[in-house]
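> There's a structure below that I have some questions on.
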Amino acid sequence: MPQSSCLKVTFLFVSIIFPFCFAKVFEPCELAKAMIENYRFQKADIADWICLIRWESHYNTSAVGMLNADGSTDHGLFQISGKYWCADGDIGGACGLDCKSLQDDDIADDSVCARRIFRVTKHKTGNGFSAWAAWTQRCQNQEYKQSFIKDCNLE
């Protein structure tokens, strides 16, 4: 294979694999504990958050969703919309973030933005979780959402 072809193949491989080097797929209990202890989520709401994250990103910090009817993409653990909350390739949106920053294993900025989305939506609708379609469709049943954290030691 000519050297230029090898370089192209190497570049393609690195560009596909590289983003995954900075991603993390959490275990539900590990994530619940981190959210409470490190990222200021309320313990009373943690089952809702863990259920929501399960169905939005499958606990994967690098998840990118592209199924929106308007062509926008959702980013990271919480699947935060690039249409309103972050900007692709720039710092912007209501959370003042580049959407790519929501796709790494550091969930501090994701958490701040998710809590902002929750607060804004709660102010408008009375239920902050209704901002996420996955929560609305799957996580309203109390017993079901509690099943995601039933084996977690969150004391």
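Note: Cβ is positioned from N, Cα and C throughout, glycine not excepted.
Feature table excerpt (TrEMBL):
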- 1-23: signal peptide (SIGNAL)
- 95-113: domain 'Glycosyl hydrolases family 22 (GH22)' (DOMAIN)
> When you scan the chain for residues with a C-beta under 8 Å from the domain 'Glycosyl hydrolases family 22 (GH22)' (95-113), skipping those not six or more beyond its ends, what do you find?
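Same-chain contacts beyond the ends: 19, 22-24, 34-35, 38-41, 61-64, 73, 75-78, 80, 82, 85-89.
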> Report the DSSP secondary-structure composition of the domain 'Glycosyl hydrolases family 22 (GH22)' (95-113) as helix, strand and coil residue counts.
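In the domain 'Glycosyl hydrolases family 22 (GH22)' (95-113), the DSSP-based counts are 11 helix, 2 strand, 6 coil.
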> Per-residue pLDDT averaged over the domain 'Glycosyl hydrolases family 22 (GH22)' (95-113) comes to what?
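Per the prediction, mean pLDDT sits at 97 for the domain 'Glycosyl hydrolases family 22 (GH22)' (95-113).
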